Amino acid sequence: LGFCRGRVVRVPKGPLIRVVGTEVVIPCSVSNYDGPSEQNFDWEFSRETDFVRIVSTWDSTFTSEEYQKRVGHGDIKLRRSSNDAVELVIRNIQPTDQGRYKCSTPSTDATVQGNYDAEVQVKVISDGLSVSGSKARSSMSLRLSEGDSFKLRCSAITTSPEHTHLHVTWQIKSGSTWRDILSLTHEGKFQPGPGYEERYRNGDIRLDTGANDTYRLSVSQASSVDGGAYRCLVSEWVRGADSSWQKIQEKSVEIASVAIQRTDVVISTSNVSVTERDSLDLTCNITTDRSGIFQAEVIWYFSASPDDTLSDAQVLLSMDHDSVVSDSTLISLSHVDRNSYRLLVRDVDIEDSGYYFCQAAVWVPLHNGSWHKVVERTSAPVSVVVTALEPDYEVFLNASKTPKFSDDPTELNCRIINSQDTEANIRFTVSWYYRQRLHSDDVVTEELLATMDADWTLLPGDRSRERTQNGEIIFFKKAVDTFSLRIQWTSESDRGDYFCVISAWSRHRNNTWVKSKDVTSASVSISWATQDYTLTVEAVKLKPFFVAGHTFEMTCKVSSKNIKTPRYSVLITAEKPLTDQSNPNGTTRIISLNQDSVVRLEDWTDQTRVDGVVLEKVQENEFRYRMYQTQISDAGLYRCVVTAWSPGGGGMWREAVNGLSNPIQIDFQTSGPVFNVSVHSDNPTIYQGELADLLCIVTTEGMALEPDDMSFDVSWFAVRSFALDREPVLLASLDRKGIVTQSRRNGSSDLSLERISPLEFRLRVHGCEDHDFGNHYCVVTPWVRSATGVWQREPDIKAKPIFLSVKMDVLNAFKYPLLIGIGLATVIGLLSCLIGYCTSRWCCKKEVQETRRERRRLMSMEMD
């Protein structure tokens, strides 16, 4: 137990087999120790019995005399790998170094526990490994073409007395470093180097063993990356005492230097510019130093972008290695010489502009008569620009019709003049543009009105699409060389500059049309002299004095300037006093007459006087308004609102200007009675389900009236809040004819409204609920019969609200729940007692067998 828990010094398990002349590294480590973390080590050597001191980490005088020279030259040294581990390094080991090596650690423990040294046996064997290249010379040079195959040989043999294995690796030198290609390990496994896995699986790289301990590297389909220096690296391995493999030595020899001649494919010309209808001539050259028999396969591609891949490009023509060319009408491919292939495109067109490149593959014959592709390359794309044969022409734009007023027609003609070199394969189209004219220096972009495609199909722009569909703007071709634009009714928004663009289209081989040229005309300005519209409206009261019940009559006279053939629409408005509850905003729209003399009632809501207002056209610029049987509630300021209209496009009318007349006042001087309204309730606080009574009481002051000469419209409202901050809700209304109207209610409570006296009206809420609370008030509209027998409506009167509070009856609210709860508790208690009794009586009964006891009396002690 003490040994297991104490210091442990470890060295490799021996014997360690090493080769003469190589470097030996023996590690030593210590663990489970006390004291400082950095430990010291002493190394000693023994050939038979006695140990000789070699080197120490802490004592410079530790080395014995026979090792001082080797230690001083650095042939023997200690290399610390950590605080608790060192390595003994012996360079150029010799047979005299064979023996036992002991590693010791001075004690830093409080108690002596464990082992403080460990020994390992080192065995030195002779160098029996021999590595060589070809017999001809130490290193040869190979010059190959891309796609060729080559083989390299290396010979490796060992005469070691121990049972050792060889590890053979073929390497290539790229730059200053060597990279592994393929290895045959000491365990007999093939291991490809990084980047050679795919080629090894395809069989392009192989390593074969042959007679006389030779190792042959075979490389197929050589590429430019296979160029460089090749060497054969052989290492010797032996299995140690712990069954692990240990490399004891390594040798290498350079075998060959391989140069790979790259096969390039280029097009003889760079960027090409040809004229339409000419021929395009391109040559694909294959650069190779291959001298044997080979055939080339060539494919020509075309793409619109230089970044397109082969899958995106279009195949123009191809020639396989048997010189079979695919068929084409306007494109030919010929074999000029051994390494050149010519592409000829006749009668080029604009659509032939783009990027051309060729792909070439080199095929070589095999021994069985078949052909094998050794290399394939694609040239860089060549830009080809086909210049169109542009026709020569000019464009002239003029205005045949110009507007003098708004809504006048406008017509523009765009003509093609001085036309030359226009063949039958040329077609002309037009595009119309508009540019707004600004007084400032701001730049305004032009707006497209309409354009034509190659098929002469008209495509309207966003600005004119709707007007073109309505026929307000017409585009047409007046003659062979003239295109016209007509605006049927020119508006203010049409002011500005107009110009046209004539496009020439050329027909291609596939009967498609491609735009070849655009010519823009000079701009034409469309404008006309304008003056501001003027509209004057004068209202005149025909009868200066009248009383309630008579007819009110006024006329509106209109005069205008700078408006072409105007028509007028008239609207009569009234501005009521702010005390009028029917219209809190002040202004009421009464009746209107449009420019087509159509009369319409606007906000006139008096159903009893539907025919009480009339608006008619007396003359072209004079209108008359009448109001029959005027009421006191009709008091206010009356105006005429007139709108002038001018004829627009398509028989439509366009609004020109608005005008407002002077006010005409209707004011009734009366000394009739004054009405007051109040709300009363004997019990404003009630409980839910009870009846609430609210009285609306009307009182009069001043002149006394008979009950038959006055009548009232009564409306009840409620505001469901304490602070009157919500909209009032209409509850019910009673008109002067005795008809009651109720609003729709959501709760279960009900309402009734009745007149209990000529001046008292009662509202009852039956079965009040909590949502019936709030401020309640009534609005009364008095009606008074005049001496002429006409009923006059007085202004509305609003009463001061009274708050109705609805409380909840706690006893009635909890009466039924308490009774139901007590009843259920009683039933459940009796049921529980019944279940307990039945269970104890019949279900849980047990018969107990009691032991019989003898009944004897105790005996007295005297009798015992």
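Start at 1 and count along the chain as shown; that gives each residue its number.
Any Cβ shown, glycine's included, is placed from N, Cα and C.
Record features (TrEMBL):
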DOMAIN    21-113  domain 'Ig-like'
DOMAIN    146-254  domain 'Ig-like'
DOMAIN    263-360  domain 'Ig-like'
DOMAIN    391-520  domain 'Ig-like'
DOMAIN    673-781  domain 'Ig-like'
TRANSMEM  816-837  transmembrane segment
Candidates 263-360, 391-520, 673-781; stretch with most C-beta pairs under 8 Å toward the domain 'Ig-like' (146-254): 263-360
Per-region confidence, the domain 'Ig-like' (673-781) (mean pLDDT, whole number): 87
Residue distribution over DSSP helix, strand and coil in the domain 'Ig-like' (263-360): 3 helix, 52 strand, 43 coil
Residue counts (helix, strand, coil, in that order) that DSSP gives for the domain 'Ig-like' (391-520): 8 helix, 73 strand, 49 coil
